[in-house]
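A.B. asks: The annotation NADP(+) binding site is assigned in TrEMBL to 9, 10, 11, 12, 13, 14, 15, 16. Under the heading NADPH binding site, TrEMBL lists 105. Here TrEMBL flags 190 as L-homoserine binding site. Positions annotated as active site, proton donor by TrEMBL: 205. TrEMBL lists 355-436 with the feature domain 'ACT'.
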Ligand SMILES: NC(=O)c1ccc[n+]([C@@H]2O[C@H](COP(=O)([O-])OP(=O)(O)OC[C@H]3O[C@@H](n4cnc5c(N)ncnc54)[C@H](O)[C@@H]3O)[C@@H](O)[C@H]2O)c1
Ligand SMILES: N[C@@H](CCO)C(=O)O
Ligand code: NA
């Protein structure tokens, strides 16, 4: 049978990895897919750049639309990143009767509802496994293997760059800028690395995970987002004293009050498996009713780990060529007319335990005042410690761990505590999750 002809948009980190992987494992991939899969046309910004892959047999162009409009091509692989142009190209590819595979989480999180609608109208397949947690087959697992379960919550380390920075800064004592530059050199970071360190990339991925876990439309604008830039060594050290590590997590949860979506630094018990996930590795823990907790771990970024997911999607698309669209796995795991439109919980209603750190004057009665204000907001305290003052300083750090509270309670209590004359500056707040 004739090889499937693939058009590639972007020949950077993931594009190069995809070409290499398809070439190296061509025989095995053909035996699995039933047909060989060949990249025959590729677009890139610069034709004369040194490449990580051979481009023998691939027609190269700088014109992305030339590839999308090539009538020989059956599947377009979108690996340029960004959103507007990627969306235009994806919709055009679908209108041209092609299937699309993408690693672009911004594209799916922001425009997926529209893209999937168009794909359904035209009978196109859209693969996006590489968009969430790189090579880890988490979309496959949640969308297919867990279909018998009701998912309660899902929590994950889903940005490799941020996890790499946290691990190297706090456990290897390296500087932020130096570690970020290394993540960029290794091809882990987004074109705009603020997406990694400010939590936006993780929020794109969480948007997708929440949709396939709960059967809701993609709603990026409902995610509460915090990045890693305000985490400091002091908090990492105090967290360790309490038996926690600080990780940047994406969490979506469904309870009787509704669904919440959030991305933020989190204190996790050191014994919790996710606490040991370091460097560029990602891991997603899923709690479902029948199976209980499961953990999916692997490389969240990098050329070949991401290409592994791109190629898996290519093979799925080829295997589904002969299936009627209504018999394919639904894009968001649930049938499109069965998505739930229940409202998501607003931030003040989201529940978590808290780590609070404040600078208090070293004088009698301060702790009593602080605990009184927490009590008035109905916040119960799990632990409280007052550290020794640094020599010559008038203030002492006070660290408090609370039980689970609603966001509005903690905001109200912190605002009142910060007004006390005996408390200096702002209170550092980091959520605590035990994931049990
Ligand atoms: N790098 C990773 O580890 C990783 C992992 C998972 C997902 N992703 C996603 O994969 C996508 C690609 O990431 P990457 O790291 O390979 O990026 P990259 O910057 O290494 O490569 C991008 C490629 O697209 C080409 N390109 C961009 N704009 C173009 C234009 N207007 N015209 C022609 N060519 C253009 C560039 O020339 C380059 O070849 C992004 O959506 C990213 O979020 C990356
Ligand atoms: N920049 C992303 C790439 C993988 O999606 C990360 O660091 O996780
Ligand atoms: Na994946």
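Note that Cβ sites are derived from N, Cα and C of the backbone, with glycine treated the same way.
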A.B. asks: Determine, for the NADP(+) site, the additional residues of the same chain whose CB lies within 8 Å of the mean position of the CB atoms of 9, 10, 11, 12, 13, 14, 15, 16; present them in sequence order.
C.D. replies: 8, 17, 18, 44, 79, 80
A.B. asks: At the level of the C-alpha atoms, what whole-angstrom distance separates residue 11 (NADP(+) binding site) and the residue listed as 'NADPH binding site'?
C.D. replies: 18
A.B. asks: I need the least crowded one of these binding-site residues (10, 12, 15, 16), counting other C-beta atoms within 10 angstroms of each C-beta.
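C.D. replies: Comparing Cβ neighbour counts within 10 Å for the binding-site residues 10, 12, 15, 16 gives 12.
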A.B. asks: Looking at the binding-site residues 9, 105, 190, which ones sit with their CA no more than 10 Å from the CA of residue 205 (active site, proton donor)?
C.D. replies: 105
A.B. asks: Can you tell me the three-state DSSP label for residue 10 (NADP(+) binding site)?
C.D. replies: coil
A.B. asks: I'm trying to understand the geometry here, so how far is the Cα atom of residue 9 (NADP(+) binding site) from the Cα atom of the residue listed as 'L-homoserine binding site', in Å to the nearest whole number?
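C.D. replies: Cα-Cα, rounded: 17 Å.
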A.B. asks: Could you count the residues of the domain 'ACT' (355-436) that DSSP puts in helix, in strand and in coil?
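C.D. replies: Computed counts for the domain 'ACT' (355-436) are 23 helix, 33 strand, 26 coil.
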A.B. asks: Within 10 Å of the Cβ of residue 105 (NADPH binding site), how many other Cβ atoms can you find? Include all protein chains, please.
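C.D. replies: Here the count is 28.
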A.B. asks: Please identify, among the binding-site residues 10, 12, 14, 16, 190, the one with the smallest Cα-Cα distance to the residue listed as 'NADPH binding site'.
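C.D. replies: Minimum Cα distance from the residue listed as 'NADPH binding site' across 10, 12, 14, 16, 190 lands on 190.
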A.B. asks: Using a Cβ cut-off of under 6 Å to any atom of ligand 1, determine which of the recorded positions 11, 13, 14, 205 qualify.
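C.D. replies: The ones that qualify, in sequence order, are 11, 13, 14.
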